[in-house]
Amino acid sequence: MRCFQKIKCTLKCLLWVPAALCALYFTRPSMHILIGFIPMEKCSLENGKLSTLDNSVDVSLDFWSRTDVQTCTTWKAPILWEGMFDPKVYDQNHKKEGSSVALTVFAVGRYLDEYLETFLNSSEHHFMVGLPVSYYVFTDMPEKVLHIHLGPQRTLKMIKVQRHSRWQDISMMRMKAISDVIESDIRHHSTHVFCFDVDQVFTGRFGSEALGDSVALLHAYYYHLPKIFYTYDRNPKSKAYMENGDFYYHAAVFGGSWKSVKSLAEGCYQNIMEDKQNNVEALWHDESHLNKYLWLHKPSRVLSPEYCWDTHIGYRSDIQVTRLLWAPKQYDKLRTP
């Protein structure tokens with residue numbers, strides 16, 4: 001009997017280990033450094049010819065140029081890192097094919113004053129330079145959007161949206177707004193769509209190599225962690241419920257062809273509304289639903305954390321370049337009514 005109680009006690013302690021380590025990871029900078037030494041899985045592909053091709057130029061991808069990181073998924077989609085691709089080859093190919101990109105971003109309430117101008121100005125210098133880009137700014141105060149000097153083949157449209165009292169609702173309802181504008185406008189003008197959070201700053205090339213049919217982003221805080229630490233929604237009552245997954249994706253950046261992004265947005269919105277009808281809210285709101293959707297519908301392209309990095313994580317040898325950085329978060333100031 002005593003032996004059984006000891007075993008039971010030991011098991012209980014073991015169950016708390018992942019939670020304790022996860023808490024330490026997000027509160028202790030030293031843990032960020034240690035986590036960086038956990039090796040990632042390795043790609044089994046020899047060259048781009050065997051990968052799931054989003055376009056013909058993917059045959060030029062060099063999966064073994066980065067032996068320190070995982071460069072492909074188990075379903076043979078590329079995970080893009082610095083050194084794997086030739087930017088000029090991708091730019092020439094997408095210009096030849098007539099690729100064009102719609103960028104959606106939400107700047108509601110105090111987020112407009114705090115972040116939008118910096119986000120758009122930095123995008124002009126680094127996002128899809130050389131390709132036609134149409135910005136779609138969703139805001140509750142269009143009159144407050146400052147004039148931004150745009151380069152050739154770049155346009156900006158403002159779409160007025162309702163401001164919800166809870167930031168969680170703003171986050172989740174963006175899926176319907178994205179789906180609606182793709183149907184009414186974007187699909188007639190753009191081949192691809194990228195959706196961004198506004199509290200970010202472009203700092204390096206975010207170029208045509210990122211374009212694909214369905215594009216997801218590895219979350220900067222999870223890409224080295226064992227899957228047991230992924231914060232999927234574990235509530236069986238939620239449509240976002242997941243027991244297991246492939247990666248933990250960050251909802252701050254996602255994209256793809258307009259058809260794929262529209263399907264993703266519609267799928268997430270439908271599940272969000274079903275949860276609402278059942279008085280359920282997913283753990284990480286639209287991000288939880290996005291992870292569930294991308295588990296069921298595998299992305300054809302995955303972006304490394306270079307494409308959305310947080311400097312608070314500290315030095316990582318595998319992050320050789322940063323293309324988009326988290327802006328300083330001021331949740332107490334910005335998320336209060």
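From the backbone N, Cα and C atoms, a Cβ is placed for every residue, glycine too.
Within 10 Å of the C-beta of Glu287 (active site, nucleophile) we count 24 further C-beta atoms, all protein chains included. The active site, nucleophile feature in TrEMBL is assigned to Glu287.
Residues or ranges marked as UDP-N-acetyl-alpha-D-galactosamine binding site by TrEMBL: Phe106, Ala107, Val108, Tyr111, Asp197, Val198, Asp199.
Look at TrEMBL and you will find Asp197, Asp199 tagged as Mn(2+) binding site. Same-chain residues at least 6 positions away in sequence with a Cβ under 8 Å from that of Asp197 (UDP-N-acetyl-alpha-D-galactosamine binding site) are, in sequence order, Val105, Phe106, Ala251, Ala252, Val253.
Around the Cβ of Ala107 (UDP-N-acetyl-alpha-D-galactosamine binding site), the same chain contributes Tyr115, Leu116, Phe119, Val137, Phe138, Thr139, Val145, Val198, each under 8 angstroms and 6 or more positions distant in sequence.
Of the recorded residues, Val108 (UDP-N-acetyl-alpha-D-galactosamine binding site) and Glu287 (active site, nucleophile) place their C-alpha atoms 18 Å from one another. Surrounding the centroid of the Cβ atoms of Phe106, Ala107, Val108, Tyr111, Asp197, Val198, Asp199, where the record places UDP-N-acetyl-alpha-D-galactosamine, the chain contributes additional residues within 8 Å, namely Val105, Leu112, Tyr115, Leu116, Phe119. Packing around Tyr111 (UDP-N-acetyl-alpha-D-galactosamine binding site) is summarised by its Cβ count: 22 other Cβ atoms lie within 10 angstroms of its Cβ, all protein chains included. For the pair Asp199 (UDP-N-acetyl-alpha-D-galactosamine binding site) and Glu287 (active site, nucleophile), the C-alpha distance works out to 16 angstrom. Residue pair Tyr111 (UDP-N-acetyl-alpha-D-galactosamine binding site) / Glu287 (active site, nucleophile) shows a Cα separation of 19 Å.
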